[in-house]
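As recorded in TrEMBL, the features of this protein are as follows:
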BINDING   Thr44, Ser45, Val162  FAD binding site
BINDING   Tyr219, Arg274  D-dopa binding site
DOMAIN    7-320  domain 'FAD dependent oxidoreductase'
Amino acid sequence: TMETAQIAVVGAGVIGLSTAVCISKLVPRCSITVISDKFTPDTTSDVAAGMLIPHAYPDTPIPKQKRWFRETFDYLLAIATSAEARDAGVCLIFRTAPTKEVPFWADVVLGFREMTESELKRFPQHEFGQAFTTLKCEGSVYLPWLEKRLKGNGALMLTRRVEDLWELHPSFDIVVNCSGLGSRKLAGDSTIFPVRGQVLKVQAPWVKHFIRDGSGLMYIYPGASSVTLGGSRQKGDWNLLPDAEVSRDILSRCCALEPSLHAACNIREKVGLRPCRPGVRLQKELLVQDDQRLLVVHHYGHGSGGISVHWGSALEAARLVKECVHALRTTVPKSQL
């Protein structure tokens, strides 16, 4: 039979929305519903600075990470050089990194090279540095743009907290789990844990260049409507409320790097919990309860690197969904046995 496949995507961060877009492109005759307790501007992706610099996952093969990054980079580069760039929140950015070893993604970004002596003068504490051009994809602009695309394709958005994936049976044939940290409960995954990040969003329109120290723990990233100052990495910390001491620390460290920030105004605190695990979980699972079956595709655990690889891993997730739909359509329904 060729009836419409009912697909639920759980989670509306960058992973959930991009996976839903890729499914709508790759899977014919399907109906997509994105279900989440939080949508933009209240997701982890909205807090992210959105710089395309991969974070290596120890348990994911490097060639796969590189492919995801390359596919994401190429896709976003096409947007950055199109009329959609501003609406999508995507732009090209010149970056420097004070490190010596060449990362696996060096030939994906543009113009990767060693820094010149005069460039290094800006980093007196560093002897080495690299320079390259990469992309920035601003979550708080990009997510609404993805939502608009999805709604244009006929997808539905449903604000609801899912406590158990079986709630979605039998309304949906396939469930795509993009719930990030929610997978501790929804998938019973004890390997996923939060790494808390706190940032400040400030008005300082005169700040035009990006500054980041080698560890990536301190950064100043100008964006479309504000400058993001960071940051923090607190393992196992679930607290979503801003910590005043962390904010003071971020502000004083960033002002030391860029004294003009003393004049910044309209300081807002944002907190996001990065969904970290040793590797991204991207796989099919058939859930069975009594004689009921539920097809699930898991796609979560991107930690700090979700925006950097989201499109490549979403394409792979959509291919798994396509395999599930094919299996459904070639399986004889129980009623006919």
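Backbone N, Cα and C atoms are what each Cβ position is placed from, and that goes for glycine too.
TrEMBL annotations: computationally assigned, not manually curated.
Not measured: the values here are computed from a predicted model.
Highest local Cβ density among the binding-site residues Thr44, Ser45 belongs to Ser45, counted as other Cβ atoms within 10 Å over all protein chains shown. Non-local neighbourhood of Val162 (FAD binding site): Val10, Ile35, Asp37, Leu168, Ser179, Gly182, Leu186, each in the same chain, at least six residues away, with C-beta under 8 Å from its C-beta. For Tyr219 (D-dopa binding site), the count of additional Cβ atoms within 10 Å of its Cβ stands at 21 [all protein chains shown]. Those residues noted as binding FAD (Thr44, Ser45, Val162) have their most widely separated CA atoms at a distance of 19 Å. In sequence order, Thr44, Pro194, Val195, Arg196, Gly197, Gly303, Ser304 make up the list of same-chain residues 6 or more apart from Arg274 (D-dopa binding site) whose Cβ falls under 8 Å from its Cβ. Averaged over the domain 'FAD dependent oxidoreductase' (7-320), the predicted model reaches a pLDDT of 94.
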